[in-house]
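S.K.: Structure provided below as structure tokens; questions to follow.
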Amino acid sequence: MTVNNILWFRHGLRLHDNPSLLEALRNDGTGSESVRLYPIFIFDGESAGTKLVGFNRMKFLLESLADLDRQLREIGGQLYVFKGNAVNVMRRLFEELNIRKLCFEQDCEPIWKARDDAIQNLCRMMDVKCVEKVSHTLWDPQQIIRTNGGIPPLTYQMFLHTVDIIGKPPRPVAAPSFEFVEFGSIPSILAQEVKLQQVRNLSPEDFGIYYEGNPDISHQQWMGGETKALECLGHRLKQEEEAFLGGYFLPTQAKPEFLVPPTSMSAALRFGCLSVRMFYWCVHDLYEKVQANNQYRNPGGQHITGQLIWREYFYTMSVHNPHYAEMEANPICLNIPWYEPKDDSLDRWKEGRTGFPMIDAAMRQLLAEGWLHHILRNITATFLTRGALWISWEAGVQHFLKYLLDADWSVCAGNWMWVSSSAFEKLLDSSSCTSPIALARRLDPKGEYVRRYLPELKNLPTLYVHEPWKAPLDVQKECGCIVGRDYPAPMIDLAAASRANANTMNSIRQKLMERGGSTPPHCRPSDVEEIRNFFWLPEDVVADC
């Protein structure tokens, strides 16, 4: 007898370390039953972040699905990709294919709860076993909350203490064996009804999504898929090993470079092309290997994968908070009276037309590539919110969620709340603020990054490339870049705006403190060092704001 099981891919777009895949390959019977597997993905307008998605994100997703399809075809199967409401598609598959079991990876964020509750209800109604497995996070966020007494840990140090009680995250599960698995096929009439797609032929344009970057900019190309992710992991581990041998860790933060091919694994983690548990354990095992050959062992702990732990923290903080990416209904977010722009201020920030080269280069890189270094994300977010324009972080979240390859709801919103001093910060303490001009001089001393993404400034002398408005008019004419015509003049007096915003923050803070008990349960960092590590704040790029 053969049982029919569905493996529903959502975010975990991989075959390695995939507990839900292993579950789908189990027959749950007497042992004489074989398994017929149907691997599927559903374009329902929301799953995998497709509710708000730009060209590069959709391209990365389609490449990831095509890579899965290619791998499955090599072993006799394929990835069935459908378009439509997930419940409606599943109901027809259950009815026509006599499905015994549905398996999928847990999507812990509350934005997926209604979808998954509806699917689980359908499974109960149609007597289909529904199995959900945790593998998109290192730990189960629900277990973290239970261990912390039923509430999320309100500081990062509390989070570290809680997961220390739980213990180290599970190691990756075994590789799947398809030796005794049959892959099912979809009847043609059903395929037409549930809008079966040929994923190998899909492009962002098929979804009405078009490239918005400057095609003349020379930019990095990112490629989605498990195959590419595992290849990149090998390169990244070499970089990690060099850092460990050199006595430091987090190499992409310790020595940030904006022009070299990026080695970040975050996009692959966001779409689940790479298992976060595999990445975590590869780095930690490598560290132990390097340390075993050292005469004096250096403590590493969770710090060597600090960004992965922050990812877990933000996931945990969001899991019971459906308003996590909003301000007013969000219990952990301070309600700051942000400016509601009636002019083109927000559009100028989005399009890279602020008149501040480092900000503009970053925003144009985002449109061109779907990527920004962690430092550039922080500085552009600070500029939009408390550092300059005083526009709500909610607008920034929506823009980043649409265009950043690796943006997911929890981490993206958490970062924006922190940077804007709305949460995860000392109560409205706006003292730690990066100067985009000082940071540009520090990290792009020759202006190479700015010139790549702002070709109109390519001929300006290095002396003026980060402050083109200071170039004499004859220099501007000679370089073919007149400020105010070929490149915008600064849209604001940055120093004055920063001071005014800091004063406003202090005033709001004072009123909140005077109210005492009405102050929201505001999450905040454990110490000053945590702030500097999060923002990457050398002394010489901190502005007086």
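Cβ coordinates are placed from backbone N, Cα and C, and glycine is handled just like the others.
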S.K.: According to Swiss-Prot, ARG236, SER264, SER266, HIS374, ASP406, ALA407, ASP408, CYS412, ASN415 bind FAD; so which of GLN192, GLN197, GLN307, GLN476 is the extra one listed there?
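M.R.: Among GLN192, GLN197, GLN307, GLN476, only GLN307 appears alongside ARG236, SER264, SER266, HIS374, ASP406, ALA407, ASP408, CYS412, ASN415 as FAD-binding in Swiss-Prot.
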S.K.: CB neighbours of ALA407 (FAD binding site) within 10 A?
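M.R.: Taking all protein chains shown, ALA407 (FAD binding site) has 25 Cβ neighbours within 10 Å.
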S.K.: Once the chains shown are all counted, how many other Cβ atoms turn up within 10 Å of the Cβ of SER266 (FAD binding site)?
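M.R.: There are 22 of them.
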S.K.: When neighbour density is defined as the number of other C-beta atoms within 10 angstroms of a residue's C-beta, which of the binding-site residues ARG236, HIS374 has the lowest density?
M.R.: HIS374
S.K.: Which chain-mates of CYS412 (FAD binding site) that are at least 6 residues away have a CB under 8 A from its CB, listed by sequence?
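M.R.: Expected: ALA325, VAL397, PHE400, LEU401, LEU404.
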